[in-house]
Amino acid sequence: MERGEAYGFSAVMSGTFLLSCLLFAAINRRQRGPYMDEAFHVPQAQAYCHGRFLQWDPMITTLPGLYLASVGVVKPAAWLFGWTGSVVCSAAMLRFINLLFSAGNFYLLYLLLLKIHQKNKVVSGFQRILSTLTLAMFPTLYFFTFLYYTDPGSVFFTLFAYLMCLYGNHKTSALLGFCGFMFRQTNIVWTVFCAGNVVAEKLNEAWKTELQKKKDEKISSRKGSLSDLMRILRFLIKYLISLKNLVTLTALTWPYIILVTVFFVFVFVNDGIVVGDRSSHEACLHFPQLFYFLSFTVFFSFPHLLTPTKIRKFLLSLRKHPVQYSLIAVISLFLIWKFTYVHKYLLADNRHYTFYVWRKIFQRHELVKYILVPVYMFAGWSFADTLKSKSIFWILMYFVCLLAVTVPQKLLEFRYFILPFLIYRLNIPFPSLYRQLLELAFYIVVNAVTFYLFLNKTFQWPNSDEIQRFMW
């Protein structure tokens, strides 16, 4: 990092943290007590603060990583500054932990952009800082910086594990992956993703060697043709049935293998992945979740994905490959028909944006979910098109992880899309400065609207005196 870039980064990060602190103070003045899931998280953390580590709320579905981390920060701070009484482990103090995680995420996002795009010498320091600021302001993540939820900490440890993986520190990466798993069990998928990065790198090296031997350089560039995909599949089978290759991959990824083994032991002992309240968090094959994620990604990355050039290229691809797209459309229609699930929370909780998305769009008519298939197809094509700079093995590995983290979820919840979106956004090529500025401006507007609604447009449910607020 050059001196000018270092100063610029420090200034932007400090300014963002200061503004976040001001917003944090405003939110805590308006909402002093626990809100929504905080009603479970805050008392649980307070029990840990008082040394009651065997106390557990059965409504909590995640492992106690958030509460252990909170006690590990708050208790030493209370001893150092002489805090006593109700201020220690108050709702505001616990929320501040996420503000610290948010600052850590800012730094990690910058380091990841620096590492992933290190070969791109055209990208300026200003663009890196701008992209970091944009991703740190990603609305769905940024909102939960100010509440005591697991998301900022979950993202912090997962991004940290990814960074260590990219630097080849796999034991450290696996340890951080375990911390992420303690925040949210589904983060085990991103441990597999880190291992997959190592495997994809080795596969790519072997594939290039294979191409060079056969002096057929064209194959590596035509990722879309069926014959190339079949050839890659045959190569994969041949590579993975080799004992020598398997030993090499195992030697490289053993820390991740140990962690995944621990996860399966946990699932066996716990008789499931969810810790508590299993009736509301049942796993199922909810394939349309992938379509919702792709639509979510196009919405938040529209300056990169929803451009006239992209639309023209998609229509041209549609005209050149009508049979393939027709088959994809038929499969999509079938998946929507047979595998669409509507969670009771989605229909009942009018505090969440997803309630209004479902009611205003999907509940307008029974056919709407089928009519949206062309939109999903464009979203999927545009999504894949922006990743074409990555190796085919990286794309396959990411896609498998994306399926694993989205499809089993019955509830449509935008928070579940945060990590797959960030990892996708980190790995696409740097857009033009104009598109970066447009993306940042869009995020700022969305955040401003969200916080305005949360703070000022309160309402009450019938037969309840509690103030309700709109949120993600």
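Glycine is no exception: its Cβ is also placed from the backbone N, Cα and C atoms.
Residues or ranges marked as transmembrane segment by TrEMBL: 6-27 (among others).
Long-range contacts of the transmembrane segment (60-81) within its own chain (CB-CB distance under 8 A, at least 6 residues past either end) are made by residues 40-41, 44-45, 48-49, 88-89, 93-94, 97, 100, 148, 150, 153, 157, 179-185, 274-278, 281. What TrEMBL lists as transmembrane segment is 60-81 (among others).
The transmembrane segment feature in TrEMBL is assigned to 93-114 (among others).
Residues 5, 8-9, 12, 16, 20, 23-24, 27, 34-38, 41-42, 45, 66, 91, 94-95, 97-99, 101-102, 105-106, 109-110, 113-114, 117, 155, 300, 414-415, 417-418, 421-422, 425-426, 430, 433, 436-437, 439-440, 443-444, 446-447, 450-451, 454, 471-472 of the same chain lie 6+ residues outside the transmembrane segment (126-149) yet bring a C-beta within less than 8 angstroms of a C-beta in it. What TrEMBL lists as transmembrane segment is 126-149 (among others).
The annotation transmembrane segment is assigned in TrEMBL to 155-183 (among others).
What TrEMBL records for 246-269 (among others) is transmembrane segment.
A Cβ distance under 8 Å defines the sequence-distant neighbours of the transmembrane segment (289-306), meaning residues of its chain 6+ beyond its ends; these are 138-139, 332, 336, 372, 375-376, 378-380, 382-383, 386, 402-403, 406-407, 409, 412, 414, 417, 420-421, 424-425, 428, 431, 435-436, 438-439, 442-443. Annotation source TrEMBL lists transmembrane segment at 289-306 (among others).
Residues or ranges marked as transmembrane segment by TrEMBL: 327-347 (among others). Sequence-distant contacts of the transmembrane segment (327-347) (same chain, at least 6 residues past either end, Cβ-Cβ under 8 Å): 280, 284-288, 291, 354-355, 358, 369-370, 373-374, 376-377, 410-412.
Tertiary proximity for the transmembrane segment (367-384) is limited to same-chain residues at least six positions away from its ends with a CB under 8 Å from its CB atoms, namely 288, 291, 294-295, 297-298, 305-306, 310-311, 314, 317, 325, 328-329, 332-333, 336-337, 340, 361, 395, 424. The transmembrane segment annotation in TrEMBL covers 367-384 (among others).
Here TrEMBL flags 391-408 (among others) as transmembrane segment.
According to TrEMBL, the transmembrane segment annotation covers 437-455 (among others).
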TODO: Quickly jot the same-chain residues contacting the transmembrane segment (437-455) by Cβ under 8 Å, restricted to those at least six beyond its ends, or write none.
DONE: 23, 26-27, 30, 130, 133-134, 137-139, 142-143, 300-304, 431, 469-472
Task: Chain residues in Cβ proximity to the transmembrane segment (6-27) (below 8 Å; excluding those fewer than six residues from its ends, i.e. six or more beyond) - done: 95-96, 99, 102-103, 106-107, 110, 125-126, 129, 132-133, 136-137, 145-146, 451, 454-455
